[in-house]
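Copied over from TrEMBL:
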ACT_SITE  ASP62  active site, proton acceptor
ACT_SITE  ASN128  active site, for ring-opening step
ACT_SITE  HIS130  active site, proton acceptor
ACT_SITE  GLU135  active site, for ring-opening step
DOMAIN    16-222  domain 'Glucosamine/galactosamine-6-phosphate isomerase'
Amino acid sequence: MDVMRVKNADEGGKKAFEILKEGIANGANTFGLATGSTPETMYSYMVASDVDFSDKVSVNLDEYVGLDGNDEQSYRYFMDQHLFNHKPFKKTYVPNGKATDLDAECQRYDGVIADNPIDIQVLGIGQNGHIGFNEPGTSFDATTHVVELTDSTVNANKRYFDKIEDVPTRALTMGIQSIMKSKKIILMAFGKAKADAVKSMLEGEVTENLPASVLQNHGDVVVILDEDAASKL
Ligand code: F6R
């Protein structure tokens, strides 16, 4: 894995955006996208740029079960607010958290991923080493599935909700197998809370107990770290 150290999240987002731009110049058409605080600076650089995404496709990693796209806490809403309302794409895919048949929704989403192979996947990392919502213990062979979120993840995400009881406890997520099929992966991590997970991802054994460690088996990963996230390396 190619590790880039930056001063802060702003510089990290700028670097990630530059890598996206270079990818586009080399023919990248489909982008796997993440939500959460980590990619926000990258999205700001995308929005502020003159790069045209109207012929590009995005495939998001995950969505909370039970929230529809108009819910301000949904990941669809997040993506609309931070990116899509400002930079139109040809097509944007996010799992449907309101699907009545969740298994059918997982299969449908796997079809979306198969029809739109991801050129560049953007990832954050959870404090417990999750990528997407693939929590510790998830098989590396997993495709899109429903997950019960761990207490660690629910706690980390409660900052977006009025009270912890409002944080959904289930989500739909793209699986690790699909993430690993992306041609190129950019993982960003900012802040001290990520330092342990980053160290295990880069220096620990490859294990399903630390989902991000699977990235050691991918041939083209750029890891962008601020000083705090890199502080335990
Ligand atoms: C979100 C996602 C998650 C986040 C991770 C870090 O779509 O896939 O894996 O990337 O939970 O979240 P933040 O960036 O909020 O620290």
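Glycine residues also receive a Cβ, built from the backbone N, Cα and C atoms like all the rest.
Recorded features from TrEMBL, shown on the structure.
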| residue | record | CB count, 10 Å |
| --- | --- | --- |
| ASP62 | active site, proton acceptor | 23 |
| ASN128 | active site, for ring-opening step | 19 |
| HIS130 | active site, proton acceptor | 27 |
| GLU135 | active site, for ring-opening step | 21 |
**Study point:** Predicted model, mean pLDDT over the domain 'Glucosamine/galactosamine-6-phosphate isomerase' (16-222)
**Key:** 97
